[in-house]
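A short write-up of the structure that comes next.
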Amino acid sequence: MRLPSSIFVSVSLFTAETTAALYLSSTYRSAGDQIWQGLTLLFTLVPSVLVQLTLTFIHRDLGRDRPLVLLLHILQLGPIVRCLEAFCIYGSVGRVEEPYVSITRKKQLPRGGQSEEVERQVGQAEGKLFTHRAAFARSSVIQAFLGSAPQLTLQLYICALQQGVSIGRGTLMVISLLSIVYGALRCNILAIKIKYDDYEVDVRPVAYMCIYLWRSFEIASRVVVLVLFSSVLQLWILPVVLLNFIVFFFYPWILFWLSHSPFPENIEKTLTRVGTTIVLCLLTFLYAGINMFCWSAVQVKLCDPDLINKSQNWYRMAVYYVLRFVENASLLLLWFMYKTEVYNFICAPLLVLLLLLAYGIAIFFMLVFYQFCHPCRRLFSSSMTQGLWTCSSLLCLSCNSASPQNRPTGKSPCPPTRKEPANDGAQDTSSDTTDDMPNETTYDMLNDTVCDSPNKVSNSICVGINGDINHSVSCNA
């Protein structure tokens, strides 16, 4: 049985960030900065309360007679108690004979085209530790993107205004950055274990390092871009943040509405419909918070029983990173145009180039992870390079279909064509290049498919959520 080290790291980051934030808020109070003190406490207490609720909800303590544990959660000491409980369970393994064990069946990753199913006995103590790890993994994600990310942005914004970094503020910023990166790493691992729950997944240290570098460059560059933009255009940062939140908050609900699926009732038996709606809203709110700063490895799908999209969608990922890169470049351009004398001591063009380069490095490590370090890459129906190549091909197809030479004139319907001997070569050439120059391109957002359908020669390309490519060619005589 593995040592619950991930639980210890989560609790350590949670305790260190809370302590540093409380100390920094006291310095703001003594300096008379009540606004900074209020915002610092807000980004500390709100995620702390959400973490307590998450741990209580996953362990189902409301339906059990544990008043002391509930009291400690009210006092915001729940993570520390849960950590001590997990280590006590780990220390008691092997000393007391367990009354019963459960048998789990996991598939091994296929090697040579075959995957074997392995049975393993899971004791009661190991099952409790599994619940603790799952609870702290989810609480780390909540703490990272609903607390640490706004806290880091706020403190960096204060540093830009005051042109200085105090010891307390610098300590809190470092801890917040570590908490965000760790939360993003746990989000990636959580997504892998949920999507491939039937398989025995072993994440290697190289994969952890690749995810760490990917998320570090992505989140750090994103936070700096938001801070630079907000420091010169304070009123315009609010529409940018609200637009991002609204889009990512309502996107899962729109897909759920288009799927015409029944309302999910299997989240928790004790919850009413109102309670289930509140839980789903909190889930989509967390999803929006993650996508504000980085790509969410866990894609919410409300019509799925597990509420998670278990497919690998290269198209959606490519669209996200392209749009996010364009947004960062636009915000940096606006900052460069309206920057004040505060930034005269730095080379603005070099800073813009470094931030865009940092985001590009993050994308590079993301490609390396999915192409070489992903523990379940053998189960992909298509590789990362194939998925990106398909996305770029679809982008070229849509650009060609939107070009003026492919648009109908609208004056008269096209007359039926007759096959002439002199134009056989031209017709053969046009039919051979139909794959490169289609006439219409449609994207089905609900089913995550892209279909291309020409008029005469129907050569449809459908890209599924896993990156599968199906060709069907039918010629009309």
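Backbone N, Cα and C define each Cβ position, glycine as well.
What TrEMBL says about a protein is an automatic prediction, not a curated fact.
If you look up TrEMBL, you'll see 36-58, 166-185, 235-258, 278-298, 318-338, 350-372 marked as transmembrane segment. Here TrEMBL flags 403-439 as region 'Disordered'.
Packing against the transmembrane segment (318-338) from elsewhere in the chain are residues 221-222, 225-226, 228-229, 231-233, 236, 240, 291, 295, 348-349, 352, 355-356, 359-360, 363, 366, 387-388, 391: each is 6 or more residues past its ends and has a CB under 8 Å from a CB in it. Long-range contacts of the transmembrane segment (166-185) within the same chain, counting only residues at least 6 positions beyond its ends with a Cβ under 8 Å from a Cβ of the stretch, are 9-10, 13-14, 16-17, 20-21, 23-24, 27, 140-145, 147-149, 151-152, 155-156, 158-159, 208, 211-212, 215-216, 219-220, 290, 293-294, 297. Residues of the same chain lying 6 or more positions beyond the ends of the transmembrane segment (235-258) and with a Cβ under 8 Å from any Cβ of it are 226, 229, 284-285, 287-289, 291-292, 300-303, 331, 334, 445-446.
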